[in-house]
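J.: I'd like to ask some things about the structure below.
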Amino acid sequence: MPDYRSKTSTHGRNMAGARALWRATGMKDDDFKKPIIAIANSFTQFVPGHVHLKDLGQLVAREIERAGGVAKEFNTIAVDDGIAMGHDGMLYSLPSREIIADSVEYMVNAHCADAIVCISNCDKITPGMLMAALRLNIPVIFVSGGPMEAGKTKLASHGLDLVDAMVIAADSSASDEKVAEYERSACPTCGSCSGMFTANSMNCLTEALGLALPGNGSTLATHSDREELFLRAGRTIVELCQRYYGDNDESVLPRNIANFKAFENAMTLDIAMGGSTNTILHLLAAAQEAEIDFDLRDIDRLSRHVPQLCKVAPNIQKYHMEDVHRAGGIFSILGELARGGLLHTDLPTVHSKTMAEGIAQWDITQTSDEAVHHFFKAGPAGIPTQTAFSQSTRWDSLDDDRENGCIRSVEHAYSKEGGLAVLYGNIALDGCVVKTAGVDESIHVFEGNAKIFESQDSAVRGILADEVKEGDIVIIRYEGPKGGPGMQEMLYPTSYLKSKGLGKACALLTDGRFSGGTSGLSIGHASPEAAAGGTIGLVQDGDKVLIDIPNRSINLLVSDEELAARRVEQDKKGWKPVEARPRKVTTALKAYALLATSADKGAVRNKAMLDGL
């Protein structure tokens with residue numbers, strides 16, 4: 001049986017000094033015989049998805065100690081992508097993922113912790129903690145802060161979210177009063193933004209990976225039911241410690257739970273629910289940390305036969321995360337996928353021996369357990385608040401309509417192919433990604449003229465100045481992981497295209513990425529990126545580009561000979577923007593850019609370069 005890692009700092013005469021310091025934190029003699037469990041919290045008052053987490057770490061800590069463990073809490077950073085968007089703050093968003101992963105590794109390894117509870121929620125925090133968990137490979141469980149309630153206003157017939165506020169603000173025909181009403185109504189409570197944006201997508205995927213409890217991705221941050229998820233996480237992590245350290249059961253380790261098949265399950269769910277394209281970036285990064293050979297080709301393969309079973313904002317205005325929960329949450333989507341033969345159900349999870357057992361217990365269409373049905377009736381209260389577990393509202397009934405409801409069966413899918421696709425061609429030799437769930441079928445094949453912008457800022461200026469016309473393909477380059485640096489999200493350009501009435505009349509291609517709130521023919525993650533010598537850096541204004549989603553292709557309609565000649569010239573000039581960009585690239589960002597790989601590798605650090613040092 002493996003020894004507790006913590007024995008390194010708690011046992012032996014030579015550790016008297018370390019024990020003295022542990023005692024100063026409150027530990028007693030008996031505590032040195034127990035597992036020391038790290039609680040990686042991410043409370044911050046900057047982010048609505050994290051503003052309510054302050055006391056939740058100690059809630060989990062008390063439950064860990066009741067169950068026989070020793071809990072020690074620390075915090076990571078958390079960047080709000082929505083607040084950082086539209087200025088140089090967005091340069092820091094993706095790099096913060098690596099900082100979060102490193103900080104968890106640093107704290108856990110420096111103090112020899114035996115296990116981790118990851119309290120995450122928003123865009124880069126869940127991925128960063130996931131990367132750390134797979135790096136460390138010690139018992140772990142994820143419990144996130146939960147989604148925000150959808151906003152309500154008399155001016156809209158549907159629930160509101162952050163994207164609605166951004167789009168209406170960019171609409172010159174909207175009055176200041178209407179804009180203000182949307183702004184005040186779009187984000188009414190604590191929690192991660194209410195649609196299937198990046199944060200909620202990632203928290204749902206932790207369920208599919210087997211590293212979180214059922215309901216983690218869909219139970220509202222404000223609902224009292226979410227408290228039990230935190231308490232149960234505290235009890236479960238102690239059980240996982242006992243199984244690993246006491247019973248030598250390696251099946252509880254994250255790399256044995258989140259193995260290749262589990263990554264296929266997570267991606268299958270992502271495609272079926274029309275998740276954010278950012279999830280692809282983060283799953284690829286997490287797979288690299290786990291030393292799993294899971295790449296864009298695997299995602300491409302899955303995307304061709306997994307149907308879309310769920311449509312949620314921003315892909316449709318009718319449904320938000322609260323509606324997904326009412327329809328049975330993630331385990332109901334997993335149940336439909338399993339019935340369609342599209343899921344590996346023989347894999348272990350942190351809460352059940354196999355995924356099949358978990359589905360049987362938690363899929364509302366399979367179980368008659370009234371407690372489970374009661375759990376998924378948890379709904380929104382419609383009361384603005386920043387307090388967790390502050391309401392206990394319940395729907396009168398569940399949405400178990402698998403023909404026309406929020407979650408569909410395979411037979412009644414929204415589309416036979418899922419909500420994400422990988423495209424290849426001469427403009428993206430290593431692939432690029434499009435969220436097909438948000439693309440109107442009328443423009444699944446689109447040929448247009450390239451309109452080049454060498455930064456997001458210049459693209460925004462060009463769109464607002466009406467430089468972009470119907471039929472154009474907006475190309476924003478040198479915004480990749482290395483070229484940005486930091487791979488900015490392009491939510492403002494896509495929102496402004498919508499506000500100009502060009503949402504279905506134009507396309508956008510970038511080596512940057514998109515917010516989970518993006519919809520329309522928006523293609524990101526073009527790899528290799530321009531700064532790494534990618535073909536996207538060779539496109540010229542007016543070049544024809546053909547996008548063909550059904551055939552998974554994207555090509556610059558320029559001869560190979562012409563491209564070769566352009567490459568020779570670009571090599572002489574250097575792969576950098578032609579125009580000067582008024583952005584301050586600090587030492588921290590330069591360090592990130594130096595090691596960053598392109599998006600097809602998850603924008604992780606270039607380990608081959610590091611190994612050569």
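Each residue's number is its place along the chain shown, starting with 1.
Using N, Cα and C of the backbone, Cβ positions are placed for all residues, glycine too.
Residues annotated as Mg(2+) binding site in Swiss-Prot: Asp81, Asp123, Lys124, Glu489. Taken from Swiss-Prot, the feature [2Fe-2S] cluster binding site applies to Cys122, Cys193, supported by sequence analysis. According to Swiss-Prot, the N6-carboxylysine annotation covers Lys124. Here Swiss-Prot flags Ser515 as active site, proton acceptor.
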J.: Let me check the 10 A CB neighbour count of Asp81 (Mg(2+) binding site). How many other CB atoms are there?
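T.: If we count other Cβ atoms within 10 Å of Asp81 (Mg(2+) binding site), we arrive at 28.
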J.: What recorded positions in the list Cys122, Cys193, Ser515 lie within 10 angstroms of Asp81 (Mg(2+) binding site), counting C-alpha atoms?
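T.: If one measures from the Cα of Asp81 (Mg(2+) binding site), the recorded positions that come within 10 Å are Cys122, Ser515.
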J.: By the count of other Cβ atoms within 10 Å, pick out the sparsest of the binding-site residues Cys122, Cys193.
T.: Cys122
J.: Look up Glu489 (Mg(2+) binding site) in the DSSP assignment and report helix, strand or coil.
T.: strand
J.: Looking only at Cβ atoms, how many others are within 10 Å of the one on Asp123 (Mg(2+) binding site)?
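T.: Its Cβ shell of radius 10 Å holds 34 other Cβ atoms.
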J.: Going by DSSP, give the three-state secondary structure for Asp123 (Mg(2+) binding site).
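T.: Once the DSSP labels are grouped into three classes, Asp123 (Mg(2+) binding site) ends up as coil.
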J.: For the recorded Mg(2+) site formed by Asp81, Asp123, Lys124, Glu489, name the remaining residues of the chain with Cβ within 8 Å of the site's Cβ center, in chain order.
T.: Val79, Ala84, Ser93, Leu94, Cys122, Thr198, Ala199, Asn278, Ser515
J.: Cα of Lys124 (Mg(2+) binding site) to Cα of the residue listed as 'active site, proton acceptor': how many Å, rounded?
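T.: With distance taken Cα to Cα, the residue listed as 'active site, proton acceptor' is 12 Å from Lys124 (Mg(2+) binding site).
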J.: Distance check, please: Cα of Cys122 ([2Fe-2S] cluster binding site) against Cα of Glu489 (Mg(2+) binding site), rounded to an integer number of angstrom.
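T.: Per the Cα atoms, Cys122 ([2Fe-2S] cluster binding site) and Glu489 (Mg(2+) binding site) stand 15 Å apart.
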J.: Does DSSP put Ser515 (active site, proton acceptor) in a helix, in a strand, or in coil?
T.: coil
J.: How big is the gap, in Å, between the Cα of Glu489 (Mg(2+) binding site) and that of Ser515 (active site, proton acceptor), rounded to a whole number?
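T.: Cα-Cα, rounded: 5 Å.
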